[in-house]
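Notes to accompany the following structure.
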Amino acid sequence: MLKTNIFILLLFCFAVVSQESGSILDSISEVEIIESDASEEEIISSEDTTDSSGEPLTDSATEESTGTDEVTETTTIDENADNDTIPIGDASLEEEDIVEENSDTENDEEEVDPIEEMIEENSSLETVNSELESELIETLEQLNVYRINEAEKLKQYAKEMELLADYNNLILDEPEPLEIEGTGTKTEIDDDDDDDDDEDEDLETSMAMIAVVGLGFLFLLLHSLRGLWLSFVGSELNLGVYTLLIDTTILVMIWCILAFLEYLDVFDFDLSTILVGLVIFTTFWLFLGLWLLFLSHNQSQNWKRMENMVVIPEGRTAELDAYSMMRQLFISPVYTAPTTESQLRPNFDMANYLSRSLGDIIHNTYHITWVGYSFIIIPIIIWRIVAFQTYFIEIILLWSLPGCIFLTVLILLIKLKRIYSALISENFTGELKVSMMKHLPDDDIRKAIPKPKYLKGKIPEDPERGLICCKVNPFKMTCAYLFLSRYPNRHELLFWFDSYGPNFLCILTQSLVVLHSFWMTGILLYYFSIFVDEVDDLGIYLVVLALVIWLVTGFYLMPKLFVYLALTTKIELMKDRKLIEEVTDESRKKTIMTTIKIYRQMKMIYREKKGNDSEGEQKAPILHYMRKIAEEVFFLVAGQRKTIYVTEIDDVLRLIGVRLNEDELRLFAKECSPDKENFIFISGFMIAIERVLYGYDMDPHEIVRFVLKDHFGKKQKLTVADLNDFFNEWSWHFNEENMKEFLLESQSLADESGFFKNEEIANMIRINVEANPK
């Protein structure tokens with residue numbers, strides 16, 4: 001193609017030149033002469049030749065002036081030589097012709113090289129042209145495919161726009177008929193659209209009902225958890241349980257308010273993500289709290305086990321020794337001043353105190369105040385700010401957060417362990433015989449328990465130190481002095497921020513729990529789908545790894561953090577006097593209830609002994625209306641049988657207004673004198689009622705004194721072993737646990753020889769029975 005174009009261009013040039021000179025050959029010769037560089041001698045020789053002959057050389061003169069192709073010039077000279085008459089003997093003309101032929105031949109050889117180069121360039125251009133043509137063909141094919149796809153998308157968009165127009169017309173109650181393709185007719189909105197709207201409304205109603213039913217089940221679950229905890233677990237951690245349930249209820253109520261606002265379309269933006277996130281956060285918050293309470297209960301049981309083993313010298317461990325030293329210094333502080341007006345009792349329930357302290361720590365952690373809510377709102381704001389940054393920064397922050405939580409918990413654990421080691425000595429320096437009956441001498445305690453590390457050392461008289469150009473008192477730079485205008489004690493100096501250290505640790509622990517649950521919420525709510533969609537199996541592994549980190553931090557490290565926080569902030573110089581009074585009151589109530597149970601059994605024994613003696617039996621003067629009420633209730637329950645079964649005694653007594661315990665019911669049934677088929681008649685029932693009513697007016701002191709005197713005779717002084725023999729003889733009446741607690745309480749009445757009088761036991765029971773209603 002390119003060769004053809006060049007050839008046509010050359011012919012066009014030849015035609016133009018031929019029109020100016022008169023012949024094509026002349027134009028060629030002229031072009032050759034211009035292109036060739038003729039020497040001056042040749043030009044001069046040609047001029048001389050023309051003058052000598054007297055006849056002009058038409059061809060040569062014209063050829064020298066025009067300058068065409070030399071190859072064509074050779075042929076032109078030969079043709080002129082045949083036609084023209086050249087004078088004989090003119091040697092100059094022949095020499096001119098020879099010179100011109102040689103010059104034409106040399107010019108011809110020089111013109112061959114550019115043509116070959118042009119041919120090579122033409123071949124390379126043809127190759128490039130073919131490649132460009134193939135690429136152009138492929139591009140055109142892709143362009144056709146793209147046009148087809150765009151046409152299909154436009155059709156789809158047209159259909160969607162038609163559906164949107166239908167929807168808008170339906171909302172505005174101005175349905176516009178749509179023209180159906182291919183028919184040219186217009187129809188109204190199909191009934192299918194109405195059916196879809198009805199289905200959407202039914203779906204919204206169903207989701208609302210599911211939410212309401214779910215809330216009902218959630219509150220039922222919370223109520224069940226409360227009932228189970230109160231039934232099977234001690235009351236030491238009740239404060240933590242109630243706090244957790246109350247805060248969970250508050251979060252649920254917040255969710256209900258947001259869901260109601262979303263249902264009413266109050267906000268322009270969608271709240272569904274916030275609602276789902278709040279549900280996930282509340283679930284993990286409740287789940288983590290229940291797990292902490294469960295482990296706290298196990299720790300409480302461990303403390304109770306060590307409390308019972310503290311008087312046993314065999315099988316002691318390092319943990320039991322540390323507990324014994326902590327307990328002894330708590331009850332009998334020999335290195336610090338006592339917290340209360342007098343020393344605590346030797347049988348002070350230290351396990352109960354520590355359990356209540358742990359429950360107080362859980363209460364402070366899960367009691368969401370404005371600080372706690374700020375710890376919930378601030379992470380959300382920070383997360384939204386990070387969301388506007390790059391995705392890389394967001395992922396880095398996502399996986400750096402659990403690492404920061406894990407590292408912070410480890411640092412707090414190490415700090416609290418160091419504080420605990422400074423408060424409690426590592427080993428005994430002597431033998432310590434712990435007694436639940438009486439206090440040990442201070443000297444024996446000092447020999448067995450060394451002074452704690454935090455009490456060692458001496459405060460200098462002049463604590464000021466030089467700092468650059470001035471003196472600074474380090475004690476005046478503490479938080480206690482700056483904010484409370486007092487110096488911190490040795491115990492407070494062990495913490496960060498001294499007197500504010502325990503509060504700071506509680507706030508920091510609460511923030512860790514909130515961030516811990518919030519991080520897992522973000523993983524499941526937002527990043528779960530991203531991980532699964534973008535990285536496939538690796539995304540599932542990342543979510544599983546997140547769960548493992550959450551479980552290790554929340555289920556293993558945080559419970560230890562709570563235990564050490566309770567141990568370091570509730571002993572030594574930070575004893576909680578309010579908790580001590582609560583434990584003391586509970587121990588007192590427990591002792592009173594144990595004494596009352598023992599008294600009830602002795603009263604039954606007294607009635608049995610008096611009942612066997614028909615002459616000495618005393619009957620209470622029962623009023624006429626009480627007898628009448630008892631008879632009416634008995635016959636109401638008996639019906640036509642005129643008798644009641646033994647299992648119906650409790651129902652009859654409740655209708656009368658008498659409440660008896662299980663052991664009292666057994667004795668009452670025995671006093672009713674049932675027959676062989678365990679049926680009770682009205683006569684036996686009325687005798688038993690008279691004894692019960694008479695027992696309310698009896699003196700506890702007289703009853704106990706009578707029972708013990710009847711059993712021990714003239715023996716005035718008793719020991720714990722004697723009381724144990726008495727209980728074993730009447731074991732049908734007494735509970736083993738109540739017997740142990742009563743014997744332990746009676747040891748406080750013994751003198752140095754271990755003896756106590758009957759009157760002392762009777763007075764102790766009388767005091768406790770009279771103190772019960774108070």
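Each Cβ is built from the backbone N, Cα and C atoms, and glycine gets one as well.
Bear in mind that TrEMBL entries carry predicted annotations, made automatically and left uncurated.
These come from TrEMBL:
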type: SIGNAL; residues: 1-18; note: signal peptide
type: COMPBIAS; residues: 36-50; note: compositional bias 'Acidic residues'
type: REGION; residues: 36-113; note: region 'Disordered'
type: COMPBIAS; residues: 92-113; note: compositional bias 'Acidic residues'
type: COILED; residues: 115-149; note: coiled coil
type: REGION; residues: 175-201; note: region 'Disordered'
type: COMPBIAS; residues: 189-201; note: compositional bias 'Acidic residues'
type: TRANSMEM; residues: 207-229; note: transmembrane segment
type: TRANSMEM; residues: 241-261; note: transmembrane segment
type: TRANSMEM; residues: 273-295; note: transmembrane segment
type: TRANSMEM; residues: 365-385; note: transmembrane segment
type: TRANSMEM; residues: 391-414; note: transmembrane segment
type: TRANSMEM; residues: 504-528; note: transmembrane segment
type: TRANSMEM; residues: 540-567; note: transmembrane segment
Recorded stretch that, among 241-261, 391-414, 504-528, 540-567, has the most CB pairs under 8 Å to the transmembrane segment (273-295): 241-261
Non-local residues, at least 6 beyond the ends, that sit with Cβ under 8 Å of the transmembrane segment (391-414): 505, 508-509, 512, 515-516, 519, 522-523, 527, 546, 549-550, 552-553, 557-558, 560-561, 564
Close approaches to the transmembrane segment (504-528) from elsewhere in its chain (Cβ under 8 angstroms; 6 or more beyond its ends): 273, 276-277, 280-281, 284-285, 288, 361, 364-366, 371-372, 375-376, 379-380, 383, 398, 401-402, 405, 408-409, 412, 416, 495-497, 539, 543, 546-547, 550, 553-554, 558, 561-562, 565, 569
PLDDT averaged over every residue in the coiled coil (115-149): 87
